[in-house]
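Annotated in Swiss-Prot:
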type	residues	note
SIGNAL	1-27	signal peptide
DISULFID	40-59	disulfide bond
CARBOHYD	43	N-linked glycosylation site
DISULFID	44-61	disulfide bond
CARBOHYD	49	N-linked glycosylation site
DISULFID	55-72	disulfide bond
CARBOHYD	58	N-linked glycosylation site
REGION	85-104	region 'Disordered'
């Protein structure tokens, strides 16, 4: 039962992350801006002293009020208007190329 509850919690948090992502991008309503949320593959817990276990890297602990457990998530906002528009040549240079094969 405890494993099922943990699985259910993770599913809810992932759904919440997706909802935040969709609401964030819809609220911006601008293709030049992007807000993304990713699950970092780890959980966090509240210690007896009230502090929370640390998440690694750029991840932050997100939890519901009153709960002693949460998920490590990374969030990122990108405003593409801060970058110049690429030229056709830059786009061509960045495009994937077919893999070259040696014939025998």
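For all residues, glycine too, the Cβ spot is worked out from N, Cα and C.
Remember, it's a predicted structure, so these values are computed and weren't measured experimentally.
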Glycosylation sites listed as 43, 49, 58, least Cβ neighbours within 10 Å: 49
Counted with DSSP (H/G/I as helix, E/B as strand, rest coil), the region 'Disordered' (85-104) has 7 helix, 0 strand, 13 coil
Recorded positions near residue 40 (disulfide bond): from 49, 55, 58, 72, Cα within 10 Å gives 55, 58, 72
Measure the Cβ-based neighbour count of residue 61 (disulfide bond), defined as the other Cβ atoms within 10 Å of its Cβ. 19
